[in-house]
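Trainee: To start, I am sharing the structure in question, which I have written as structure tokens.
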């Protein structure tokens, strides 16, 4: 409560004493401002509304005619508006330029005030829309994100009503002031406006606006062509006169004459009707001035002969009486014609001072044909009508913004919104706002805006004063002598015109200049190397590194250096070379000067510190150096104390970080192809497999049951196996398709896989090596810089333009980074590259950082983020140096002729780090960490294989019995042959011929009977379905033929006895003669055979075969016993 009471008391005091309190409140920090008034902002719709009345178009006359008509007097009044017929805006005017940006400085095609020879129409309505659109783009103009809105009065042909071509600006909008007041209330005031902008064209309209402001207590700002005299000073009614700016030429010219004590003068007029009344009145009111004569050459300009004879007579008459000639109404062509003629025929007296009384355009000033000592003045930009309208709107916006920070309710909520109920409080919102209007000053588009005497808003342009002099090379050049500000001349420095006239003969053959140049080591702009044994530089320029800025020490060192007995210590000598040294040498050759070069003692660019400038700026200001050539950034603070040439190198600020190599993550082997490519490959694979299956089963030559009696079936699983084998280059056994279409599609898929695999292989090595990680910073506005986390370190070079930018734009960030700032750029780069690094980010000029990145042998540096703070490098010179314009002109020529490009290619043409060639073993050597993902993938495969095994058992034990018992879908050959056989376990293979060397094929629970070569009948009785390797038993059912099995003995009798023993005594079960089952090539049995082979028959046959095997085993055992006994008997007999 105490704090609120203090602010309330301070606001009341400020209302009583506005001027001093404006300075006090300017120093109040933003943190102490009024909290955001949410309810007030909601009531006004987050917008400040400004009303607009008297929006009829203006029709202006030519400058000369209009000013001659009214005598050029700013106070001339007209009760009736100027003549002219109002017309609606043409399609090409008005809204066609409403989208112009603020920095565009006006709409395209805008006419400058007073420019042109014919009448022109000014459109207040369009100018207001243009001003509101531009001002709403200015950040921070209004607090709390408020916006400006203009409420236009609905008049004839204006506002939201249809245009009326018959309307005339001369006809009054309302018949009397009270009707006008009522109309304003009903159309503008009811919408809650903070102020009114008006464009009156007569004294009667001014009186109406006086009435509105007095009755409704609303500030009114009238924009008029001429200042209207008023009997009463109403603080609520201000007027901005456009004619004030047009009549300033006379004030500037009189000030120039007074400054040089040129009180005796003559006038030379190129246009007879040119208005010089203002100038004549000013000189007549000053008793020191004496007008000798007026030379009017208007009638003689058409003929060169007449002009020559006329000037010869007139100038001869004033040769001994007039030291000064002031010219009015002359364009640059006429001026050049007059001076060339005077110089050629010697008409002009040698000591005559020439002054151009009219404001000149700086872009049109030339030196050819003009005399030395000529004085001119002008503005860098010419004001247009729209600029004054925008400045008036900005004046209201700034006043509202200042008032809102003290009492937002009184500043934002209009006191008058109903004319029938006008509040009679002690202090209305309009009266409160008018006090801030009277104390608001700013630099606008039309000039310096300020309020004089509480009712007159003035827009004063700063005129610059130029003098034509010779430069040190003997060439004419325009030198700025000063400026006209606030009604007086503020001189810079330079040679006075009379001094130039006195010494002009000395500049025709100037001596060679000798300059002292200071530089600063900054790669690639300035390098240094050691001198040779003799203290000389075989290449580059000899420079001194004295480690001091003392001018006396430098004088002694350079004196000793140029003397015959050189005593400068060799430790002070260096060889300087680089981008800027080449530029300096070229400038010295073209401008014919010599130079001494030294390195700045403190190694700083220059900053204001401890009450003085340091570094390069300090050397220039102290006179130690005449020129500073290095990567010298042009900024506002330096430009205010020294001169800069036009920039020879454009750059910005950047952020440098260090990269770190890391191993590729687990899924890095997938990175060579995008996930969409992987998805596309596997989708294409399965689609190809489907089409391969369809083509094979629909073809008459396919590997299908309906095909050409094939032994195998090409199913969908076979197609998948083919596609996967081709994709991964697997050399496993596959069943290729047999039809022609399938083979063509398979080869097409192989080509597709070849290109995909080669692309993957080409990118795999680069990906598997690993990526480089770094601090990702989006730019200077990155949260890591504004809210640095624990341990995040960043800095810049001390007393550099980068530090100055951060200090002014981001004070809190600058306070944090001060501890990490480094003395020079190489130090910051080294801090980044150290292990462990001392900096995480380094902010500096991007031109310097790019070079450091390009020469980094380890490829550890990288610039990140968007560039910011666009700036340029210029050559620094002492203030008001006559060399500034000449060097700037030469730099422009170097740019246009390509010399600067040659320097850039020479010193920046370094092979980028990313394009260097490294050893293959260094770049592509990969360990197990790079393939960790593949090992993980293999482990996952092992786990999936276990799941697959479990799935097979689930299918075999649960799914197959259910399909057998309940499902009617028993045919699965098109999907999987193995699955089909598992469902159909009882079928007979067809009878096939057998041979001695051919293996008999297996079957399930069936007997195959084959004929051998000796017509022996062999029977095969396989086991039940026990697996792929089935036990086969051969039965010799007919051994009485010639091709019988025999045992071989040494004794022929025994051999015959044993060999003829047969197994016919073993009763074999009678064999049934069965018809061969009719089978297809894929093993599918006929339905009749399946029904005939019952389980009981098979069991009986098995039992019989078991008995046969038992008997054969018994015979074999007994036979073995006999053979062993026979062997023992033979051995006993032999012994």
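Every residue gets a Cβ built from N, Cα and C, even glycine.
Straight out of Swiss-Prot:
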REGION    59-118  region 'Disordered'
DISULFID  537-575  disulfide bond
DISULFID  543-576  disulfide bond
TRANSMEM  675-694  transmembrane segment
TOPO_DOM  695-715  topological domain 'Cytoplasmic'
INTRAMEM  716-727  intramembrane segment
TOPO_DOM  728-741  topological domain 'Cytoplasmic'
TRANSMEM  742-761  transmembrane segment
DISULFID  859-913  disulfide bond
TRANSMEM  933-948  transmembrane segment
TOPO_DOM  949-1135  topological domain 'Cytoplasmic'
REGION    951-987  region 'PPP2CB binding site'
REGION    1082-1115  region 'GIT1-binding'
COILED    1085-1119  coiled coil
Trainee: How about long-range neighbours of the intramembrane segment (716-727): same chain, 6 or more residues beyond its ends, C-beta under 8 Å?
Mentor: 681, 685-686, 688-690, 692-693, 696, 734-737, 746, 749-750, 753, 756-757, 974-976
Trainee: On the 0 to 100 scale, where does the mean pLDDT of the region 'GIT1-binding' (1082-1115) fall?
Mentor: 74
Trainee: Comparing the disulfide-bonded residues 537, 543, which residue's C-beta has the most other C-beta atoms within 10 angstroms in this structure?
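Mentor: Result of the Cβ crowding comparison: 543.
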Trainee: Counting Cβ atoms within 10 Å across all protein chains shown, which of the disulfide-bonded residues 576, 859 comes out on top?
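Mentor: The most densely surrounded of these disulfide-bonded residues is 576.
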Trainee: If I restrict to non-local contacts, at least six residues apart, and a C-beta distance under 8 angstroms, what lies near residue 575 (disulfide bond) in its own chain?
Mentor: 528, 529, 530, 531, 537, 538, 539, 540, 541, 542, 543
Trainee: Translate the DSSP assignment of residue 575 (disulfide bond) into the three-state scheme.
Mentor: strand
Trainee: Fill in the CA-CA distance, residue 576 (disulfide bond) to residue 859 (disulfide bond), as an integer in Å.
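Mentor: Answer for this pair: 27 Å between alpha carbons.
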Trainee: Determine which residues of the chain contact the topological domain 'Cytoplasmic' (728-741) at the Cβ level, with the cut-off under 8 Å and only residues 6 or more beyond its ends counted.
Mentor: 692, 695-696, 699, 701-703, 707, 710, 712, 714, 718-719, 721-722, 753, 757
Trainee: Specify the secondary structure state of residue 543 (disulfide bond) as given by DSSP, simplified to three classes.
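Mentor: Residue 543 (disulfide bond) sits in a strand per DSSP.
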Trainee: Within the topological domain 'Cytoplasmic' (728-741), count helix residues (DSSP H, G, I), strand residues (E, B) and coil residues, in that order.
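Mentor: Split into helix, strand and coil, the topological domain 'Cytoplasmic' (728-741) gives 3 helix, 0 strand, 11 coil.
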